[in-house]
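Annotated features, as they stand in Swiss-Prot:
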| type | residues | note |
| --- | --- | --- |
| BINDING | A10, V11, H12, F13, G14, A15, G16, N17, I18, G19, R20, G21 | NAD(+) binding site |
| ACT_SITE | K221 | active site |
Amino acid sequence: MVQRNAPKKAVHFGAGNIGRGFVACFLHNSGYEVIFAEVNDTTVQKLNSQKSYKVIEVGADGTSESTITNYRAINSRLNEAELVQEIATADLVTCSVGPHILKFLAPVIAKGIDARSTDLTPVAVIACENAIGATDTLAEFIKAPENTNPDRLADYDKRARFANSAIDRIVPAQDPDAGLDVRLEKFYEWVVERTPFADHEPPAVEGIHWVDNLQPFIERKLYTVNTGHATAAYHGYIRRKSTVYDALQDREIQEEVKKALANTASLITQKHGIPQDEQQAYVDKIVRRISNPHLEDAVERVGRAPLRKLSRKERFIGPAAELAEHGKDCGALLDAAEMAFRFQNVEGDDESFKLAEIMEQNGPEDVVKQVCGLEPKEKLFPAVVDVVKRVQADTQSD
């Protein structure tokens with residue numbers, strides 16, 4: 001196993017705001033050439049014609065800028081062969097495309113790994129998504145028989161290692177005239193599991209915090225940051241607030257957020273042994289972050305994709321189901337889920353229209369099974385059925 005005798009190279013799928021502003025920024029600062037794999041040809045052309053862009057970090061103490069260079073872009077839809085060769089010789093493959101897109105990345109990544117020499121250090125594959133076990137999910141797609149010959153799996157760890165991660169950074173909607181520049185908050189957290197690299201050094205990336213057990217970090221993040229952010233957005237949308245900041249100036253909404261995070265805190269502290277005062281300090285910090293007036297974010301943008309956010313392993317149903325099984329309070333999470341069920345027919349969000357269709361065409365029990373992935377035997381099931389009944393009754397009376 002040898003290192004490539006070449007500058008460090010990373011392939012990143014997804015040249016959106018998180019890809020350019022968060023992941024690529026750290027890769028650039030760590031000395032990697034970044035190859036963006038992107039399906040939007042306009043974005044590909046912009047990246048290839050513009051040799052730098054700015055990342056603007058916004059905080060209570062003002063703003064700071066950094067310039068990102070040393071990157072290229074490949075249209076992954078049109079130039080697969082070129083992308084396969086880049087993956088075959090990359091040190092690192094990352095992505096920020098949304099959990100539902102991972103299956104579409106798998107074929108080309110599988111081809112790149114298959115073409116990789118076992119003389120090289122295995123390529124590190126890290127999915128940077130708001131989902132528990134996203135890299136495991138991607139790995140399953142990559143190793144599936146339709147993408148990888150099963151005979152090649154025997155020595156697969158000589159070609160690739162897969163590490164789950166938890167990412168945390170608020171990237172609001174951008175100015176339409178910003179071009180490639182990205183504006184985001186100064187705070188960040190990028191935690192990656194170390195165990196897949198037990199027999200050699202993990203990739204050197206500035207900003208990554210390597211841990212042996214990722215689950216406490218990713219659940220704390222998903223069930224605090226994402227739960228809090230979405231709770232504010234959905235309650236804010238129903239109360240006709242324009243931004244998350246506006247929503248959190250409303251005392252009632254602020255209380256709803258705090259109650260939801262008290263629900264999740266009780267799960268996190270018990271399940272992962274995190275001291276209550278430490279978790280409360282984390283909650284307080286998160287509420288301050290999502291209340292940042294410099295990161296104006298429309299409630300419609302933060303609330304988009306309600307079907308995903310109401311799913312079984314996501315920010316509301318995931319923690320609520322665990323709490324219910326232990327007989328613990330999850331009332332505020334159910335209240336937030338109710339607001340998410342009311343997020344229907346929102347312009348620009350396909351899932352909100354699909355949600356309205358599901359709610360109209362199905363009985364409450366079937367809605368809960370289909371949308372939330374809950375089964376009747378689970379203790380949370382009847383409570384969510386009641387939520388759906390309430391929303392359906394109100395919708396029919398409108």
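For all residues, glycine too, the Cβ spot is worked out from N, Cα and C.
Fewest other C-beta atoms within 10 angstroms, among the recorded positions H12, R20, K221, are seen around K221. The most densely surrounded of the binding-site residues A10, I18 is A10 (count of other Cβ atoms within 10 A of its Cβ). For the binding-site residues shown (G14, G16), fewest C-beta neighbours within 10 angstroms: G16. Geometry remark: G14 (NAD(+) binding site) versus K221 (active site), CA distance 22 Å. Taking the C-alpha positions, the distance from A10 (NAD(+) binding site) to K221 (active site) comes to 25 Å.
Classification of H12 (NAD(+) binding site) by DSSP places it within a strand. Here the candidates are the binding-site residues H12, G16, I18, R20, and by Cα distance the one nearest the residue listed as 'active site' turns out to be I18.
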